[in-house]
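Undergrad: Mind having a look at this structure? Questions to follow.
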């Protein structure tokens with residue numbers, strides 16, 4: 001775990017130090033920090049930015065919730081959240097600096113090739129469309145390799161000024177580094193085409209290539225650890241199956257689906273899954289999580305639970321952010337995304353081999369059906385589980401599927417007859433001798449007291465189903481899963 005977490009940082013720092021020593025890296029970093037206001041007005045940019053934040057922090061996937069279920073009751077989750085946010089911010093900045101520094105170096109290489117190619121065109125056109133007198137005297141066209149980008153731009157400015165009407169017919173390109181940087185690809189093309197092409201120009205390029213792809217493997221494994229844990233933990237808690245069997249089953253299923261992406265047409269399916277299985281459904285899931293906590297469970301009760309857990313009252317800033325600002329911003333982003341998807345039919349970028357060009361094509365009917373299915377399947381667990389619980393198909397009090405409690409860090413199953421089971425008696429706040437067990441002074445759950453009954457510690461939904469038994473017991477691991 002420590003190797004897979006720290007190794008990418010080591011590689012990124014080495015790449016940054018090496019890239020900053022290469023010609024053109026500063027141009028790439030300058031391009032990175034140059035804002036483009038016209039692009040920031042597009043809803044697609046903000047949706048992709050929000051998706052990137054969700055991916056980087058693991059929001060909406062269930063991995064954060066799964067890992068947090070193993071924390072101790074008095075864990076300082078506020079410090080953890082702030083620390084992870086800052087680490088994610090600095091990691092994103094570091095990775096972006098590396099990418100743009102390397103792309104700046106690549107753009108400089110491509111611009112030099114462009115200057116050499118078009119300088120040869122000027123040499124060929126001398127006396128046949130371009131007068132030799134238009135070439136500045138300090139530029140030596142007998143040695144094309146020594147013509148700099150500044151010299152080339154000076155030549156085409158003079159030629160364009162003198163032969164304004166005939167200039168388009170000459171076929172001379174502007175050869176701008178900014179144009180090269182604006183053509184930078186994204187997604188899989190960035191990692192496997194642009195970045196690797198730039199590394200071929202590195203000194204000792206095989207070493208850097210090996211380091212780069214080892215870093216990608218570690219990043220992929222680290223991401224899948226959290227994703228798989230977010231799938232396994234709730235299933236194991238609910239159905240109490242062997243974790244080894246479930247893990248192997250999930251990995252085999254994921255591997256089988258992944259075979260779809262390694263075909264010759266695999267990149268099209270990668271784009272389809274990335275656009276429709278992760279972006280829009282992930283945004284909807286995060287909105288539902290936010291609204292469920294802030295409005296249905298109650299932001300006041302949630303802050304009170306945090307106070308019991310942390311030992312201090314969280315800042316009032318979180319109250320307004322969680323209840324008003326964040327849901328509104330997410331809903332605006334969701335509505336704009338729906339409007340854009342409605343106005344722009346689903347399409348993809350396809351390479352036409354016969355014409356040797358790239359075109360934007362619309363999905364066939366079966367492709368649109370797959371896109372809709374990906375969106376629906378990603379959101380389906382939310383309404384399905386809601387209906388199962390609403391109609392008591394899954395009932396925490398009747399020994400159903402989700403009748404699971406935690407005692408001394410071990411999963412136990414509630415008995416329908418608590419008077420005959422010592423474990424169930426503990427859950428109901430009693431010892432085997434029917435004496436009330438001592439409860440801690442502070443509890444993360446609210447206490448409900450019946451008329452004349454013993455006050456017991458229950459979950460926020462008033463049930464005894466899933467939750468930690470907060471009795472005065474020796475410190476033990478919260479879960480053995």
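Residue positions begin at 1 at the first shown residue.
Note: Cβ is positioned from N, Cα and C throughout, glycine not excepted.
Predicted automatically and left uncurated, TrEMBL annotations should be read as such.
So TrEMBL lists the following for this protein:
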type     : residues : note
REGION   : 413-461  : region 'Disordered'
TRANSMEM : 49-70    : transmembrane segment
TRANSMEM : 82-103   : transmembrane segment
TRANSMEM : 207-233  : transmembrane segment
TRANSMEM : 245-264  : transmembrane segment
TRANSMEM : 276-299  : transmembrane segment
TRANSMEM : 320-343  : transmembrane segment
TRANSMEM : 363-388  : transmembrane segment
Undergrad: Tell me if the transmembrane segment (363-388) touches the transmembrane segment (320-343). I count contact as 3 or more CB pairs below 8 A, with pairs 6 or more residues apart.
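TA: These two segments do not touch.
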Undergrad: May I ask whether the transmembrane segment (363-388) has at least three C-beta pairs under 8 Å with the transmembrane segment (49-70), counting pairs 6 or more apart in sequence?
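TA: Counting Cβ pairs under 8 Å, fewer than 3, so no.
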Undergrad: For the transmembrane segment (276-299), which partner among 82-103, 207-233, 363-388 gives the most CB pairs under 8 Å?
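TA: Maximum Cβ contact count belongs to 363-388.
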Undergrad: Using a Cβ cut-off under 8 Å, which residues of the same chain at least 6 positions beyond either end of the transmembrane segment (207-233) come close to it?
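TA: That would be 1, 3-5, 7-8, 11-12, 14-15, 18, 58, 61-67, 69, 191, 195-196, 199, 243, 246-247, 250-251, 481.
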